[in-house]
């Protein structure tokens, strides 16, 4: 007998499990909000060099008449007949105003020595606040990469922490860290401070999602874990819809950052009422506390009598099979202990890497398509729902492996095709990327289940 049979004794997927699963969906909803947050907090508005001694330089000057014509004296035009973003004339050229065609002119230019002027009609962002344009435009991508690096470190730190100190403690620690660091990010005085705080926020984010999923799964019977996982993936997609709505309503980036960080207070408040994982308590020899938690769950599920029968000896008997499988050797080495395990580990790791690399590559720069960023983000998100539904049906009929391979092939072909499309086919390129991103989002669902089923409990 194992822990899953013990859960069935006290009600299986009863009222407690349903309530806890519903509560743990909230962290899943917020994870995508922070992962895709920089799509809106790092919008690059239209901009041009600030001309020397420009008296009206505090405002964006649109093309057309009046100040727009005057701007041509100071700023050269690009191939689209828009002001150059990173160059200005070395000195004003008033003769341009009397010429219809300036293409034959060879005038001296220089870089933006006095900063930039931004379109004030676009939401404020870290780009306009810290001038992350022209030669500094790569810093925008670096900031997102630093956040992702924080997630990588957080997975290791909180994975070890949750194993040693408990799932509930690790969850509350991650939530508290996110509240403090995420809110502090909204008050960042410099780009360097912003990057450091985003790194710590990334650590907290991974800790929250890992421990909340772990806590949920360890209270869920084995037969229902697939269904709970699918609900979780849908909530992650729904979180992107919520993010788009909030970003549309809250345009200043500091307010948007702060709002999404303060929302974690809700998780911190209700987490105090959640019981620690009985599975973790049992494997760490805390049988008395485990029995109390199991009895409390049994009462909530309407199995009070079955809960009374539970004793440390009964619980230990149920867990003999599970605890016998746990080894004292390092789990990381167990992933490579046999040729079969090594091959499986390498293949799954490569699948996760390629899917994550491509997914975030497509989903973290929707502004490049040139359309309204809010509608574009919404379309990219809504596409995930039918794709995940089809993936669920495919996994049931064709299996995990064929489904995962097919989804990655579709995404790979889309990325290859869009690479060679000309600029004037931007709409067609975006439609293809919608299918590619939807395929990759669905592949995450498949890979998560596939990973759980391929690896035994002690190394999972």
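Please read every residue number as a count from 1 along the shown chain.
Note: Cβ is positioned from N, Cα and C throughout, glycine not excepted.
Annotated by TrEMBL as transmembrane segment, the relevant range among 100-120, 121-141, 142-162 is 142-162.
Panel annotation: around the transmembrane segment (199-219), residues 3, 7, 16-17, 20-21, 24, 27-28, 30-31, 34-35, 146-155, 157-159, 161-162, 167-168, 170-171, 173-175, 177-178, 181-182, 185, 225, 228, 232, 261, 264, 267, 274, 277-280, 297 of the same chain, lying at least six beyond its termini, place a Cβ under 8 Å from a Cβ of the stretch. With pairs at least 6 apart in sequence, the transmembrane segment (174-193) and the transmembrane segment (262-282) have 3 or more Cβ pairs within the 8 Å limit; the two touch.
Model confidence over the domain 'Major facilitator superfamily (MFS) profile' (87-460) stands at 83, taken as the mean pLDDT rounded to a whole number. In terms of C-beta pairs under 8 Å, the stretch of 142-162, 373-390, 402-421 lying closest in packing to the transmembrane segment (427-450) is 402-421. Listed as Cβ neighbours of the transmembrane segment (373-390) (distance under 8 Å, sequence separation of 6 or more from its ends, same chain) are residues 36, 39-40, 43, 230, 233-234, 237, 240-241, 243-244, 247-248, 362-363, 366-367, 430, 433-435, 437-439, 441-442, 445. Residues of the same chain lying 6 or more positions beyond the ends of the transmembrane segment (142-162) and with a Cβ under 8 Å from any Cβ of it are 38, 42, 126, 169-171, 173-174, 191, 194-195, 198-207, 210-211, 214, 360, 364.
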